[in-house]
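Among the features that Swiss-Prot reports, N6-acetyllysine is placed at 6, 7, 27, 31, 32, 35, 197. Residues or ranges marked as compositional bias 'Basic and acidic residues' in Swiss-Prot: 16-38. Positions annotated as region 'Necessary for interaction with NPM1 and for efficient rRNA binding' by Swiss-Prot: 23-33. The phosphoserine annotation in Swiss-Prot covers 54. Annotation source Swiss-Prot lists motif 'Nuclear export signal (NES)' at 64-80, citing similarity to another entry. Under the heading S-nitrosocysteine, Swiss-Prot lists 65, 93, 310. According to Swiss-Prot, the feature disulfide bond maps to 65-93, an assignment based on similarity to another entry. According to Swiss-Prot, the Mg(2+) 2 binding site annotation covers 210, 212. The annotation active site, proton donor/acceptor is assigned in Swiss-Prot to 210. As annotated by Swiss-Prot, phosphothreonine applies to 233, with the evidence given as similarity to another entry. For 289-318, the entry in Swiss-Prot reads region 'Mitochondrial targeting sequence (MTS)', with the evidence type similarity to another entry. The site 'Interaction with DNA substrate' annotation in Swiss-Prot covers 309, and the record cites similarity to another entry as its basis.
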């Protein structure tokens, strides 16, 4: 996720975080009220009803959810598990867990059916990064990382192989405030692309998680103000495009909803960004093209609270 700012810094929507004079605040509030009264309020996203059949009419047989929880323990305190129980996925993928496996909250054992649980976290950085994969069905095989030491120190990738597909959940490195990790991010993108291409050559692939990039201008509220910010630099967008082409993979949400605006999965905690829907689409389900005939729906659960990201859900008819 894009890093949170400080007072006087540039915010995720491109505005400078300043304290306005009271007179200016009053005028701004009045203008806002006038706009909302005229039906010109925040542009919100309404998740349409779930489509649970494939293009050929086959009913969905698999439901996968992915959520950047921004800290597993805090997310549980914010009732994130209540949403999971209601959504009832077959597989749940979590990113930015910030929790080592030996300190996992006991509440995770209460999740109905998701008894096969796999976790990865940095060995030397408590409270940083981390991913989890929880499944009803036992995978054929589970592995961790992408097989390159430089990129496997931060607990960012879990791979689970099932009968008809391989699932990868990832928390892709952020380029950082001031783009201090952009060069590393570019090396990661190249290595990750090679790794995924190898997986996809053997079995259809599903990649999900916080990929830390808004691919196109439609995927964030203020593209013009963020072209030099982490998550929307030309280098990151190009890297994402190369990933789609080289593996190859399809963006499941844009495949189904190519022109749907205001569909975001991340909002900074600052400046009431979520209530205004000033957000970014950073979380994805990417699929091998051979799985598109099985694609029923790709959902953004924007009303689910508990993190600065919202969960996303994929339906497949396998």
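We count from 1, first residue shown onward.
Each residue, glycine too, has its Cβ placed from N, Cα and C.
Swiss-Prot feature annotations superimposed on the structure.
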| residue | record | contacts (Cβ under 8 Å, 6+ apart) |
| --- | --- | --- |
| 54 | phosphoserine | 60, 293, 294, 295, 296, 316, 317 |
| 65 | S-nitrosocysteine | 84, 87, 89, 91, 92, 93, 311, 312, 313, 314 |
| 197 | N6-acetyllysine | 246, 247 |
| 233 | phosphothreonine | 175, 179, 182, 227 |
| 310 | S-nitrosocysteine | 67, 265, 266, 283, 300, 301, 302, 303, 304 |
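Put simply, residue 309 (site 'Interaction with DNA substrate') is 11 Å from residue 212 (Mg(2+) 2 binding site) when counted between their Cα atoms. On the 0 to 100 pLDDT scale, the motif 'Nuclear export signal (NES)' (64-80) averages 98 in the predicted structure.
Here the C-alpha separation of residue 309 (site 'Interaction with DNA substrate') and residue 210 (Mg(2+) 2 binding site) works out to 9 Å. Within 10 Å of the C-beta atom of residue 309 (site 'Interaction with DNA substrate') sit 25 other C-beta atoms, taking all shown protein chains into account.
The Cβ neighbour count for residue 210 (Mg(2+) 2 binding site), using a 10 Å radius over every protein chain in view, is 29. Here the region 'Mitochondrial targeting sequence (MTS)' (289-318) has, by DSSP, the following mix of helix, strand and coil residues: 6 helix, 12 strand, 12 coil. If you draw a 10 Å sphere around the CB of residue 93 (disulfide bond), it holds 32 other CB atoms from the protein chains shown. Residues 1, 87, 89-99, 104-105, 107-108, 127, 130, 132, 167, 169, 171, 206, 208-210, 265-266, 282-283, 285, 304-314, 316 of the same chain lie 6+ residues outside the motif 'Nuclear export signal (NES)' (64-80) yet bring a C-beta within less than 8 angstroms of a C-beta in it.
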